[in-house]
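Data block below; observations after.
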Amino acid sequence: MTQKNFVELRNVTKRFGSNTVIDNINLTIPQGQMVTLLGPSGCGKTTILRLVAGLEKPSEGQIFIDGEDVTHRSIQQRDICMVFQSYALFPHMSLGENVGYGLKMLGVPRAELKARVKEALAMVDLEGFEDRFVDQISGGQQQRVALARALILKPKVLLFDEPLSNLDANLRRSMRDKIRELQKQFDITSLYVTHDQSEAFAVSDTVLVMNKGHIMQIGSPQDLYRQPASRFMASFMGDANLFPATFSDGYVDIYGYHLPRPLHFGTQGEGMVGVRPEAITLSDRGEESQRCVIRHVAYMGPQYEVTVEWHGQEILLQVNATRLQPDVGEQYYLEIHPYGMFVLADAA
């Protein structure tokens, strides 16, 4: 069954003076999906979020929510909620009052409001915190209160503006899992903004990568990582080693190293291939074309991050710390897993 497109941007452009921040963007978010805007600072992702929210108006184009043109509607008329990086909680109110503030403004009866606040706090693992204040809880708990405040209103669309940026690594991991769990549980159509690739992969059905106001590629996290469409995408989605290659009927040749050609490779002749660090291993045996020299080793806990020189090119790979302990200057033979390669159709 095809999912309904619930949020849609049609030919949307946004200018600030003479500066074009968003250039003719088309974007759809199917009902119940989490779509993440990912890109470097200044790429336009937050501007798109603000356009969907109604905090900015497009210079050109239209915005639809649930089939209705909301281009010129205010944020109050769009039935959306936003979770901010800064939490935006009221310090003079209790947590229960913060969570229930929107319902209070809507005139929800006191008894119903109290019950829904209790339920919302329980959803984010803060049951019994109604009477505490913002300065009595941690940053991670504050972000969960902000999430409860958004969920309690049961919005059509939920927007996330880099909500985990102020949290440490462990809190980010647990909070992103909680966001994804609740988004799927309540089937809320959501748009998420981040510059963190691992965060985008963990929470998203679909990731949209932006650069300089343009969409570079759209796809599932797996597709974007395994089949990047350009040199920019290959490097932005994670570490990537890029090699000139020759493609024949049965093989891929990289610096004389012959690899079985994967079935999905359609290219013939000369081209560029990419290989992720985890698809390269080191061996004590191999052909002369595979010989490499260790140039740098960094211990990363469960693995070593190793830089080797291979045919005059420095490449990055990962080595399991329990299996091999390479030292600078040692020689090994490099092995590439054929199905860890991708072809760059656009090497620009």
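Glycine is treated like the rest: Cβ placed from N, Cα and C.
Since we're looking at a predicted model, the values are computed, not measured.
Residues or ranges marked as ATP binding site in Swiss-Prot (evidence: sequence analysis): Gly39, Pro40, Ser41, Gly42, Cys43, Gly44, Lys45, Thr46. Sequence annotations record features per position, and here Swiss-Prot assigns domain 'ABC transporter' to 7-237.
For the recorded ATP site, residues Gly39, Pro40, Ser41, Gly42, Cys43, Gly44, Lys45, Thr46 set the reference point as the centre of their Cβ atoms, and the other residues of that chain within 8 Å of it by Cβ are His195, Met210, Asn211.
Most Cβ neighbours within 10 Å, among the binding-site residues Gly39, Pro40, Lys45, Thr46: Lys45 holds that distinction in the structure as shown. Within the same chain, residues at least six positions away from Ser41 (ATP binding site) with a Cβ under 8 Å of its Cβ are His195. Cβ neighbour count for Gly42 (ATP binding site) (all protein chains, 10 Å cutoff from its Cβ): 13. The Cβ of Gly44 (ATP binding site) has 22 other Cβ atoms within 10 Å, all protein chains considered. On the 0 to 100 pLDDT scale, the domain 'ABC transporter' (7-237) averages 94 in the predicted structure.
Around Cys43 (ATP binding site), a 10 Å sphere centred on its CB holds 22 further CB atoms from the protein chains shown. In this structure, Lys45 (ATP binding site) is part of a helix by DSSP.
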